[in-house]
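*Asks:* First the structure, which I've put down as structure tokens, then a few questions once you've had a look.
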Amino acid sequence: MAFGKPPDGGWGWVIVVVSFFTQFLCYGSPLAVGVLYLEWLDAFGEGKGKTAWVGSLANGIGLLASPVCSICVSSFGARPVAIFSGFMVAGGLMMSSFAPNIYFLYVSYGIVVGLGCGLLYTATVTITCQYFDKRRGLALGLISTGSSVGLFIYAALQRELIELYGLDGCLLIVGALSLNILACGSLMRPLESSSSPPPEKMCVDKVPDQYFVYHEKEKTVEENISILEKGYIDEKPVNNVPDCKQDSILNKNVLSSINVNEKDTYKKKVVEQTNFCKQLAKRKWQLYLTYWKETMVLFKNKVFSALFVAILLFDIGGFPPSLLMEDVARSANISEDDYFMPLISIIGIMTTVGKLVLGILADFKWVNTLYLYVTTLLMTGVALFAIPFAKSYLTLAMLSGILGFLTGNWSIFPYVTTKTVGIEKLTHAYGILMFFAGLGNSLGPPIVGWFYDWTQEYDTAFYFSGFCVLLGGFLLLLAALPCWNACTQQSSKLPPNTYSYKVASNA
């Protein structure tokens, strides 16, 4: 469907507001799952690694299923998907309140809520891009802060609800709040389609699909020419009649001859279906081959290859603090009376600040966004190494703020991807990178939890996390050095539309 011109305002601002609240409502609990993590540890008595799978699945499954989410939004539209996903998120949260064991939570909270969040994220981004063109960056920046604000508020809200109503009551109330997503989704009015097609196309649209198969394959496959000549030689119209009228006359003649010779008609239908299936299979196979060829071309770019390793290692090492920081404080015997604010709330509010500040820095021409992103990775690795030395609430709060700010590098990640592969291949490359980011989100917290179960302390776990992030940052830095760009420029085998970072950044 062809959409009309983006209005860059009007109802688009309503879309921005409801998309903000949609991300606020759906991502608030999964991002602040560290508060629930402590309660699940006490309720089920399982290991930290096994329990951490619940929160990691909720945050990673949406990224892993991003291709499926995109297909759903493209097929059914943003509003139906948002409403359906609202039921998924609310239902998953409410079902989790009745969980008899940790394995039930894997499905109810990890998969159902996580997949619903992934669908809602895709729906909000898609509908916002349809309504905005010139102000698309501003609109996307505004709705992306919804998840960070949700993390900030839900961390304190869920803790208060647990004290008042217990874990089960907290999940029921949070699930009920998520039903407001249905109201937000109902306001996601699709953008009106562009003007109707020209009259000459309307006649063609009325012809059944099977004749399009014949019409298209007449030009490429000689077998279909003979089939058509044998089947329709007596009904062939005058050559002076326009193509559209010829097809409609042919359609009428075939329908009128069904009762005359049913056996021939059946054979013709078999031939039609056989040719259609062959053509469809051939096209699908060509699409798969094209996809893998484009993927291989992307990985020939050294910076892109290093970028996918960096994002995987960053999410393995950088995501666990947002889930486990509360348990780190409890393991350090920090009293809750010393808490001025939940550590997860500090991470959430500083992530919002980081997204805005880093996004603004990326817009300056003198700032190299790739080196800016590498700097955030290296600083994150150093901050993770410092966590084992933090033994008070103040030091943990400072590290939480630093890690939250640096996690805001998600706002510049699309910039880095665009500069690396070019705008033409952004969608393909970004989908691959988000898959590996989801894989890192899913594996990071359980790995850290397993380290604790093995050593009975978090020090080794965060040394491992810091090493992963630093390794990814150094690999990306080495790949982006000017010497690689010089080698790339000397190579004449680069396919078109594939650029080194230096070339793309100067474009």
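A Cβ is built for glycine as well, from the same backbone N, Cα and C atoms used for every other residue.
TrEMBL labels come from automatic prediction, so no person has curated them.
The transmembrane segment annotation in TrEMBL covers 12-40, 52-73, 80-98, 104-125, 137-157, 169-188, 303-319, 339-358, 370-390, 396-417, 429-452, 464-484.
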*Asks:* Same-chain Cβ contacts of the transmembrane segment (52-73) under 8 Å, 6 or more residues past its ends?
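*Replies:* Long-range Cβ neighbours of the transmembrane segment (52-73): 30-31, 33-34, 36-37, 40, 81, 102, 105-106, 109-111, 113-115, 117-119, 121-123, 126, 319-320, 323-324, 431, 434-435, 437-446, 448-449.
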*Asks:* Check for me, if you would, whether the transmembrane segment (80-98) reaches the transmembrane segment (339-358) - at least 3 Cβ pairs under 8 Å, residues 6 or more apart in sequence.
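*Replies:* Touching, no - the transmembrane segment (80-98) and the transmembrane segment (339-358) miss the threshold of 3 or more Cβ pairs under 8 Å.
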*Asks:* For the transmembrane segment (429-452), give me same-chain residues lying six or more residues beyond its boundaries with a C-beta closer than 8 angstroms to one of its C-beta atoms, as numbers and ranges.
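*Replies:* Residues 47-53, 55-57, 59-67, 70, 295, 298, 304, 307-308, 311-320, 323-324, 413-414, 417, 420-421, 458, 460-462, 464-465 contact the transmembrane segment (429-452) from elsewhere in the chain.
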*Asks:* Take the C-beta pairs under 8 A between the transmembrane segment (169-188) and each of 12-40, 303-319, 464-484. Which stretch has the highest count?
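*Replies:* When the Cβ pairs under 8 Å are tallied, 12-40 comes out ahead.
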*Asks:* Considering only Cβ pairs within less than 8 angstroms, which of the stretches 12-40, 137-157, 339-358, 464-484 has the most against the transmembrane segment (303-319)?
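*Replies:* Ranking 12-40, 137-157, 339-358, 464-484 by Cβ pairs under 8 Å to the transmembrane segment (303-319) puts 464-484 first.
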*Asks:* Which sequence positions outside the transmembrane segment (464-484), separated from its termini by at least 6 residues, show Cβ-Cβ distances below 8 Å to it?
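*Replies:* Contacts with the transmembrane segment (464-484): 302-303, 305-307, 309-314, 316-318, 320-321, 370-371, 373-374, 377-378, 380-385, 444, 447-448, 451, 500-502.
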